[in-house]
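Everything below concerns the one structure shown next.
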Amino acid sequence: MANQKLPTLKYTGKSESAVPIVSESELQTVTAEPWVKISDKGLQLEGLNFNREGQLFLLDVFEGNIFKVNPATKEVTTKFQSVKDNPAAIKVHKDGRLFICYLGDFKTTGGIFATTEKGEQIEEIISDLNTEYCIDDMVFDSKGGFYFTDFRGYSTQPLGGVYYVDPDFKTVTPIIQNISVANGIALSTDEKVLWVTETTTNRLHRIALENDGVTIAPFGATIPYYFTGHEGPDSCCIDSDDNLYVAMYGQGRVLVFNKRGYPIGQILMPGRDDGKMLRTTHPQFIPGTNQLIICTNDIENHSEGGSMLYTVNGFAKGYESYQFQ
């Protein structure tokens, strides 16, 4: 029989939240505002990227639709459906093509293909027939080569890694291997530091590179931050001050780090304490501004709120990467 006179734990304060913030509770914190509703359905939105004309492209992973959003009118159109299963990221090449990473069967059939903004003229860049990668995300460097993340593995089975593909798309060089579900990836403004999120072990990697872009500098591979909670860090981007913005999947927020990997701020989705809009996956800046767009969905809340883009102002203007150079 319970003794009512014993000290008793109660749900008060932070413990009342569906996704409590403990270690980062003292950080500068803002709450995002609704920007565009993509769908009334719960879609796994991902892959935010802008073209040279400032139009936003994104996708939903499980149905494979590629969307385009006009920031001026907030009009949403479906451009095409991915020819490959489970697309996970879009990056715009300087020539205007969309490079689309796809996860395939989440085991051995992922890859990257390039296409036009209408989904025409498909070109295999990393073929799912010739590799065992499960490719989640990529980032171009100024030479036109790119780094990509291999999304394979589990917390106790680190099969994933990070690789570099030369500008001619013929040579693939490993950067780091034996990590678990490599996910988001970003490159510093001087291209000397590569950031990688490792989802199922809740880690942030900071990789200092030598001038060749593939050799890790002495003592250059570090883990400056360990995240807490379920599920973990997802896609990321940088601003022009080299701050890193990391979406926290399953937590309804984005954490912001300075160029040394120290947390300096966070962005919350409305309703997160009640378990709403928790699947934050990708932050991205509107070109030439400090306005940050964040995609999320309400699948964990029976899709009540659908699939949304939210917005806030970041610390600095977004960094205009390869497609704008």
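Even glycines carry a Cβ here, placed using N, Cα and C.
Database features (Swiss-Prot):
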BINDING   Glu46, Asp136, Asn183, Asp234, Ser235  Ca(2+) 1 binding site
BINDING   Thr108, Gly110, Asp128, Thr131, Tyr133  Ca(2+) 2 binding site
ACT_SITE  Asp234  active site, proton donor
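Here the features listed in Swiss-Prot are placed on the structure.
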residue	record	CB count, 10 Å
Glu46	Ca(2+) 1 binding site	25
Thr108	Ca(2+) 2 binding site	12
Gly110	Ca(2+) 2 binding site	28
Asp128	Ca(2+) 2 binding site	22
Thr131	Ca(2+) 2 binding site	17
Tyr133	Ca(2+) 2 binding site	26
Asp136	Ca(2+) 1 binding site	31
Asn183	Ca(2+) 1 binding site	28
Asp234	Ca(2+) 1 binding site	24
Ser235	Ca(2+) 1 binding site	28
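Among the binding-site residues Glu46, Asp136, Asn183, Ser235, none has a Cα sitting within 10 Å of the Cα of Thr108 (Ca(2+) 2 binding site).
Taking the centre of the Cβ atoms of Thr108, Gly110, Asp128, Thr131, Tyr133 as the Ca(2+) 2 site, the nearby residues of that chain (Cβ within 8 Å, site residues left out) are Gly104, Thr109, Gly111, Ile126, Ser127, Glu132, Cys134, Ile135.
The two recorded residues, Asp136 (Ca(2+) 1 binding site) and Asp128 (Ca(2+) 2 binding site), show a Cα separation of 13 Å.
In this structure, Asn183 (Ca(2+) 1 binding site) is part of a beta strand by DSSP.
The Ca(2+) 1 site is defined by Glu46, Asp136, Asn183, Asp234, Ser235, and by the 8 Å test on Cβ atoms against their centroid, the other residues of the chain that qualify are Ala88, Ala89, Asp137, Thr149, Gly184, Thr197, Thr199, Ala247, Tyr249, Thr281, His282. A straight line from the CA of Ser235 (Ca(2+) 1 binding site) to the CA of Tyr133 (Ca(2+) 2 binding site) spans 18 Å. Between the CA atoms of Asp128 (Ca(2+) 2 binding site) and Asn183 (Ca(2+) 1 binding site) there is a gap of 18 Å, rounded to the nearest whole number. If you compare Cα positions, Gly110 (Ca(2+) 2 binding site) sits closest to Asn183 out of the binding-site residues Glu46, Asn183, Asp234. Annotated pair Thr131 (Ca(2+) 2 binding site) and Asn183 (Ca(2+) 1 binding site), C-alpha to C-alpha distance, rounded: 18 Å.
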